[in-house]
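S.K.: So that we are looking at the same thing, I have put the structure below in structure tokens.
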Amino acid sequence: MHFLNGLQPQFDLTYDDVFMVPNESDVTSRLDVDLSTEDGTGTTIPLVVANMTAIAGRRMAETTARRGALTIIPQDIPVEVVSEVIGWTKRRHLVFDTAITLDQHTTVGEAQVLLGKRAHGAAVVTEGDRPVGLVTEKDLTGVDRFVQVHDVMSRDLVTVTDDVDVVGAFDTLNESRRRLAPVVSADGTLVGVLTRQGALRANLYSPAVDADGALRIGAAVGINGDVAAKASQLLEAGADVLVIDTAHGHQRKMLEALKAVRDLDPQVPVVAGNVVSATGTRDLIEAGADIVKVGVGPGAMCTTRMMTAVGRPQFSAVLECASAARELGKHVWADGGVRHPRDVALALAAGASNVMIGSWFAGTLESPGDLFTDEKGRQFKESFGMASSRAVRNRTATDSAYERARKAMFEEGISSARMFVDPARPSVEDVIDEIISGLRSSCTYAGARTLAEFHERATVGIQSTAGFAEGRPLHQSW
Ligand SMILES: NC(=O)C1=CN([C@@H]2O[C@H](COP(=O)(O)OP(=O)(O)OC[C@H]3O[C@@H](n4cnc5c(N)ncnc54)[C@H](OP(=O)(O)O)[C@@H]3O)[C@@H](O)[C@H]2O)C=CC1
Ligand SMILES: Nc1nc2c(ncn2[C@@H]2O[C@H](COP(=O)(O)O)[C@@H](O)[C@H]2O)c(=O)[nH]1
Ligand SMILES: [K+]
């Protein structure tokens, strides 16, 4: 990456401060761009879901890995539960979505709650392992909540078999005017659900898979307690990436934690953070990190900069740390502050090998929280920061009351935020589509076929607030 006209910025920059100019290009199609990473984590699109309790759970993990991204399960979840989630994710189908299954005697009320758990908006009614009906929101609307689903389900099923090619499945759904179909194996057992959109996406994305062909998933550990014991349990459970995560990553306890994890000889990439300087990056790499996580204070749930004045505008932080990591043959992830597809492109231009996103994904149907509706009828989920007093209270549940109260005083995050579900993009897959189409286009503007070429070729300029405002679309006349 280089700055336009050789300019050397006089102050640190965040994503909004910068823009990219097009280069001469011989990449003639956005589909010719390969977005897979070189950092060993196996992502085929450069996105990682942040290890936050309100965001990264099993549904998020399977859905994002199926499209080539990676989810990191937070350190606050008990290790037995994380192991279970890893196993579950690895048993998911690479193409078909996991169905919600209902017994014929399930009530409409129960079915309504469960439907909110799937962006495809349907549940399959089964007898044994076989599908016998389908219910969608429409079938349940205006029906007494104590009615059983066998009275309202549609029995006229169009199914596809699990060996179907996705283009053929798209055509079958299109011809029969269906949005989705249950998928069955040769013996009629339910395998999953395929939507028209899912058939399309299966051709546009490649799942992130491990050596056994199962979906990938990562897990985080903190720097307190027996780090080696917890890390070895996570490795045993099959975690494909280990993230050692704390607010101030450039500290002695982090270096000790890294050493303890390295001594386990993990055969997976080890990520450590967070830092925002070249020295911090080098020290973590020397202590054994393969990837350094960069970002102090840009997160949407984060109050660190307001509380402490500490942090650094994210574009400059990523640029400096990525350059230090590259000199040592290692990588950085840009963590936090991503609010538009352009921010992902800029983080990669600055040299990140993957971009971590939290809050943007909180308001999607795949995040673990319950779906609420506000006074205006808008759907939302509740999110919170991992350094908020709410998270600290949960994390320290086994401490004495005094210790808990003391620790909760050092809060650096928001305890309750409403993250609205965009009616046009309710699923994390819709948001991923938006980000990836923007990113593919950024790469072709830069004349890059790969992320390495993108970083090499990107030309970045510095803009005023008016420059940023000019780029925003106007939805009404002025
Ligand atoms: N990227 C960011 O900007 C930030 C991210 N977070 C996220 O919040 C989560 C919780 O992290 P964390 O608060 O580190 O909790 P941890 O539970 O990991 O504890 C942090 C440990 O480091 C010690 N410590 C020393 N200096 C600091 C400092 N300046 N800030 C925080 N701890 C310090 C603490 O001791 P003692 O309590 O005795 O001081 C404690 O032992 C993580 O997921 C982290 O990524 C949190 C803040 C900023
Ligand atoms: N200072 C704090 N930072 C936090 C907290 N919870 C999470 N985080 C960081 O934010 C990113 C995600 O950023 P987003 O803009 O995409 O939401 C996450 O990975 C952490 O590094 C917090 O309570 N305080
Ligand atoms: K912030």
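In case you wondered, yes, glycine gets a Cβ from its N, Cα and C as well.
Note that TrEMBL annotation is computational and uncurated.
The structure displayed is predicted, hence computed values, not measured ones.
For C302, the entry in TrEMBL reads active site, thioimidate intermediate. The annotation NADP(+) binding site is assigned in TrEMBL to D245, T246, A247, G295, V296, G297. The feature domain 'CBS' is assigned by TrEMBL to 153-209.
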S.K.: Please find which two of D245, T246, A247, G295, V296, G297 have the most distant C-alpha atoms, given that the record lists them as binding NADP(+), and give only that distance in angstrom, rounded to a whole number.
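M.R.: Those residues reach a largest Cα separation of 14 Å.
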S.K.: To test your reading of the NADP(+) site: which residues beyond D245, T246, A247, G295, V296, G297, same chain only, put their Cβ within 8 Å of the Cβ centroid of those residues?
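M.R.: For the NADP(+) site the neighbour list reads H248, G249, G273, N274, V275, K293, C302, T304, D335, G336.
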S.K.: Just to be sure I understand, if DSSP states are collapsed into helix, strand and coil, how many residues of the domain 'CBS' (153-209) fall in each?
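M.R.: When I sort the residues of the domain 'CBS' (153-209) into the three classes, I find 19 helix, 15 strand, 23 coil.
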S.K.: Work out how many Å separate C302 (active site, thioimidate intermediate) and G295 (NADP(+) binding site) at their Cα atoms, rounded off.
M.R.: 11
S.K.: Cβ under 6 Å from an atom of ligand 2: which of these recorded positions qualify? The list is D245, T246, V296, C302.
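M.R.: The ones that qualify, in sequence order, are C302.
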S.K.: Just checking: which of the recorded positions D245, T246, G295, V296, C302 have a C-beta under 6 Å from ligand 3?
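M.R.: Result: C302.
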S.K.: Can you check which residue among the recorded positions A247, C302 has the largest number of Cβ atoms within 10 Å of its own?
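M.R.: The most densely surrounded of these recorded positions is C302.
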S.K.: Drop a 10 Å sphere on every Cβ of the binding-site residues G295, G297 and tell me which sphere holds the fewest other Cβ atoms.
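M.R.: Fewest other Cβ atoms within 10 Å, among the binding-site residues G295, G297, is found for G297.
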S.K.: When DSSP states are folded down to helix, strand and coil, where does D245 (NADP(+) binding site) land?
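M.R.: Strand, per DSSP.
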S.K.: Give me the count of other Cβ atoms within 10 A of the Cβ belonging to V296 (NADP(+) binding site).
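M.R.: The Cβ of V296 (NADP(+) binding site) has 26 Cβ neighbours within 10 Å.
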S.K.: On the 0 to 100 pLDDT scale, where does the domain 'CBS' (153-209) sit on average?
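M.R.: Across the residues of the domain 'CBS' (153-209) the model's pLDDT averages 94 on the 0 to 100 scale.
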S.K.: How many neighbouring Cβ atoms, not counting its own, are there within 10 Å of the Cβ of D245 (NADP(+) binding site)?
M.R.: 24
S.K.: Below 8 Å Cβ to Cβ and six or more residues apart, same chain only. Which residues does that give for T246 (NADP(+) binding site)?
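M.R.: The list for T246 (NADP(+) binding site) reads G222, I223, K253, M254, G273, N274, given in order along the sequence.
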S.K.: For the residue listed as 'active site, thioimidate intermediate', just give me the three-state DSSP call.
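M.R.: Assignment for the residue listed as 'active site, thioimidate intermediate' reads strand.
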